[in-house]
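The structure under discussion appears below in the form of structure tokens.
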Amino acid sequence: MDVPAFRERLLRLAPKDPLVLAVSGGGDSVALALLVKEAGRQAVVAHLDHGLRPESPLDQAFVRALAERLGFPFFTERVEVARIAQARGENLEAVAREVRYAFLHRVAREVGARAILTAHTLDDQAETVLLQLLQGTARATGIREREGIVVRPLLAHTREELRAYLRARGEAWREDPTNQDPALDRNFLRLFVFPLLEERFPAAKRALARFAEARAEEEGVLERQAEARLLPDPRFFVPAFRAAPLLEAPLAVRRRALRRLLEKLGLRPEARLVLLLEEALRGRPQTLPGGVLARRKGGTLFLLPPRPRLPLPPGFRRPAPGDYLERPSGRKRLVDFLAEKGVPRELKPLWPVRAEGSRVVEVLGLYPPPPEEAHMAEALAEAASAFREGEVPVGAVLVLPGRVLRAHNRVEGLRDPTAHAEMLLLREAGPEARGGRLYVTLEPCLMCHHALAQAGVEVVYGAENLKEGALTRFGLPTRARGGVRERECAKLLRDFFARLREGCRSG
């Protein structure tokens, strides 16, 4: 082991003391503690007894003695992991990992540590990559060198290198007998698969580690693109995302975005579950583990828990048979109104309403129309003007303190390819545009997206722009919100292009 090189790597990964060292008593973590001491860093030793083995008190005593010898403060807890896993009906290894990291983060908060060090090695990296490939998680990026405040400074070193380091110093370590149990997938790979691989391919572990490193770099780029495609639809009280940015994404980006969705739900990002979400995006509802229903309605992908819980503010109740709204256009049944607003059927019986008898006077978040609906109605009126003038029917309003500006596309009328509704409003507002909010019937194109971002204008749009949308077509990150009066915005565009096609046929 090259201690100076380790010192430099540790300084790069975790420049500030104190450090929290996760030490089980095994050879890897004992080597980590000794290396940190040799590097001259300040640290505390954290040891969690999982309550899984009769000899675990001996492990704790060994680690305590090691910490005292090194002059590091010692923190320990005992948690009955098997009991927790059984009560939850969850995988023992997954629960053990969750409990262990929760303990390490508590210790870090208590001592004010900026980094938690674990002793994962190149062997762990190779095993993890192969396990991920075999389990169908698809990413196969292995273990990250840094993840939040968790740092893994030994990923470049093999288990044998660390054992040689310990033997050269006459240091002892504890052996965990459960590491010899082939019933566990990781142990099976370590005990049987890798020995066979290394007979034929001696550099197999390093090759897998290099593969993981390259994949992690690629994944970082694709992850940022995938995250941009996850555009929440905040109108609903359950996880909901705009469907078009996902559907229009390149396959690799879409599947990464869907894996992120699975992780947000607390599910493993397995390939089969990603395929289920793709089916849901195409309009075929799918049930995920845990009873979560993935269903697309209109332009929104819903992830409905088995028992959705919607808030019931004081004075509100659940919908009842016969409920209706009295609107200027006439009476409308509540169930029809909720369907018009894109509320999935699973949420209709739960949506909070305030009523006088059967006459509904308020539908939470939907009626009376929120201000954004009124502003989008103004944008729709502008789009209708564009329609009548033979322009692509896109309208927009820019809401500023004390005034509202309105515009619609005038590309043909002005013979100016930049005369989009958004650009006309920015020109009119000038420096006052900063901090304003733009309501536009169609998702902005690349030109308008960049101009609005530079001007510091928040964007709310109606329909997705499948052909030129900055997010939907090109995947640019955005803080815009979409889907407001989506049906009306999309219908106006459909009607315009249908008339255009009819005119071409007539001509």
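Cβ atoms here come from the backbone N, Cα and C positions, even for glycine.
Owing to the predicted nature of the structure, the values given are computational and were not obtained by experimental measurement.
What Swiss-Prot records for SER24, GLY25, GLY26, GLY27, ASP28, SER29 is ATP binding site. Other Cβ atoms within 10 Å of the Cβ of SER24 (ATP binding site), summed over all protein chains shown, number 23.
What Swiss-Prot lists as domain 'CMP/dCMP-type deaminase' is 370-500, and the listing cites sequence analysis.
Following the DSSP three-state reduction, the secondary structure of CYS448 (Zn(2+) binding site) is helix. Around the Cβ of CYS448 (Zn(2+) binding site), 27 further Cβ atoms fall within 10 Å across all displayed protein chains. Among the features that Swiss-Prot reports, Zn(2+) binding site is placed at HIS420, CYS445, CYS448, with the record citing similarity to another entry.
A straight line from the CA of GLY26 (ATP binding site) to the CA of CYS448 (Zn(2+) binding site) spans 58 Å. Looking only at the domain 'CMP/dCMP-type deaminase' (370-500), the predicted model's pLDDT averages out at 95. Excluding HIS420, CYS445, CYS448 themselves, the residues of that chain whose CB lies within 8 A of the CB mean position for the Zn(2+) site are, in sequence, ALA421, GLU422, MET423, PRO444, LEU446, MET447, HIS449, ALA451, GLU468.
When the binding-site residues GLY26, GLY27 are compared by the number of other C-beta atoms lying within 10 angstroms of their own C-beta, GLY26 comes out lowest.
Note on the domain 'CMP/dCMP-type deaminase' (370-500): DSSP counts are 60 helix, 27 strand, 44 coil.
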